[in-house]
């Protein structure tokens, strides 16, 4: 290998062209950048990057090939009060690294939040970037492009979903390979979901605090390398990318979309006591929101916040999204703590990153889902994201639970949430699909735990049960914990059925948490982010198959109702919806606000949802015509008057 040629400022990262590798690094405040390459024995050789175009440093290393391990040392001022923490003694990870060798350890040589620079070299313990080739044969792969009105999302963890599945080959359980295995594809099709939403698959690290307690970060919301697949779920780091793409291709062949949960709000460098391994040493001032005293704005609760209003960081974020789309053919993204994306530092719908996504012909055409809050002032932004974003609807989650469990919600409020929360999302030209309705998600109680626990039980997390929300709107039905007498178990079953039916028969885009369809419990832990064990792994052998069948029937029913699949707002007299009382008459103003929680919802003039959220069996009168109960609900073939137990029943006009 020779000295570096000047190379090109694009594409960003390390790019192999068949003859050598072009390297680039964004740093607006650096004074010098060294590329450091390592041989198989760990010997280091350094090269100055000779080119600079704007704020991008670049150079070309002829003869370099995939498999080369590298990093950067970045020279510049050490001025913590101004947000500058350059220290060439620290080897830094390429923010665009496609593969990483080594884990991020809790090691004093990696800590960079000191008042004075630590000049001890950290190359022996620092993770290294690895050059790869992106080539892959996609054959005839085509994106399913499921319309929002037909979309049913299934949120799952790569490992937890399949690690205990007895029908999968032992060696692929809990891996990317398992996602595309015929056993899993057949299950997804039988269930009826149209999109698999994966918790973060970009490489992440366990926080130093967890490492000291002997725990690990399981969920993955502590990003280390945003362009690299987490290697633990692959046969080897070298094969991770192809194994993931094989799974995407298999899922696409079955008509199932793949959505990635992506963390563009903070990095695993955490606060000033956290490790320095990349962005902090490359250009702290540009990559993060810095306070006047040089510390970080912590709008994420994770110690730092990415400055997604800076042009260089906006470009980084957009290239990250395009990489996953173009290299891995993913169909969309769910953005963690997405209000950070709109901070300038106040939240704006025309924030630079939003504008860049809207203007991008690639990014603006896929499914984009925001978790529409962060923990900073003004961070709660439900309903305020611009098109083409959809949003997690916590109004729906809380209302559904309050209606069926504590039973302290009006019929009017329930109906509003059932109708895709038009008061929140019917603006800026958005359709009902912008409301992503959920009962549960990875954070919080599972659905079974919602009906078994009144209090969280997070002691295993090592924080004396202080972590996790206390606002669960749950109901243990008279006994804390799993198990109980038959009548209690039946009441819990009825509540689960009512909640699932509400989720899957409401207007908007439903999201189902993996495991809720077969009764998975985390034993009351509502923040199992550090539990990589049987608490979070789905136990397929103990699955409630009756509940799975019930859920699948609901999804099939949903796809038959035009009022739900049309993805257009319901208007008075359009034939999509009528709201009736138990006597099949229009609900009065008093019944909306003060009446018993009894109602009938007529959809598309031929599907009737009879709802009884009281504790009494109630006679209801169905509208004129011949009606029959439809799967998964039992009932008479053509009743005119019927008794509805606590829960709901669906009828179809004959």
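Counting begins at 1 with the first residue displayed.
A Cβ is built for glycine as well, from the same backbone N, Cα and C atoms used for every other residue.
Other Cβ atoms within 10 Å of the Cβ of residue 336 (active site, nucleophile) number 24 in total over all chains. The active site, nucleophile annotation in Swiss-Prot covers 336, and the record cites sequence analysis as its basis.
Taking the Cβ of residue 371 (active site, proton donor) as centre and 10 Å as the limit, one finds 21 other Cβ atoms among all the protein chains shown. Taken from Swiss-Prot, the feature active site, proton donor applies to 371.
Within the chain carrying the region 'Disordered' (459-484), a Cβ under 8 angstroms from the stretch's Cβ atoms is held by residues 213, 215, 398, 401-402, 405-406, 443-445, 448-453, 491-492, 495, 521, 523-531, 535, all 6 or more beyond its ends. Per Swiss-Prot, region 'Disordered' is recorded for 459-484.
Residues or ranges marked as site 'Transition state stabilizer' by Swiss-Prot: 443. Around the Cβ of residue 443 (site 'Transition state stabilizer'), the same chain contributes 219, 468, 526, 527, 529, each under 8 angstroms and 6 or more positions distant in sequence.
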**Q.** residue 371 (active site, proton donor) versus residue 336 (active site, nucleophile) - Cα distance in angstrom
**A.** 5
**Q.** Residue counts (helix, strand, coil, in that order) that DSSP gives for the region 'Disordered' (459-484)
**A.** 3 helix, 0 strand, 23 coil
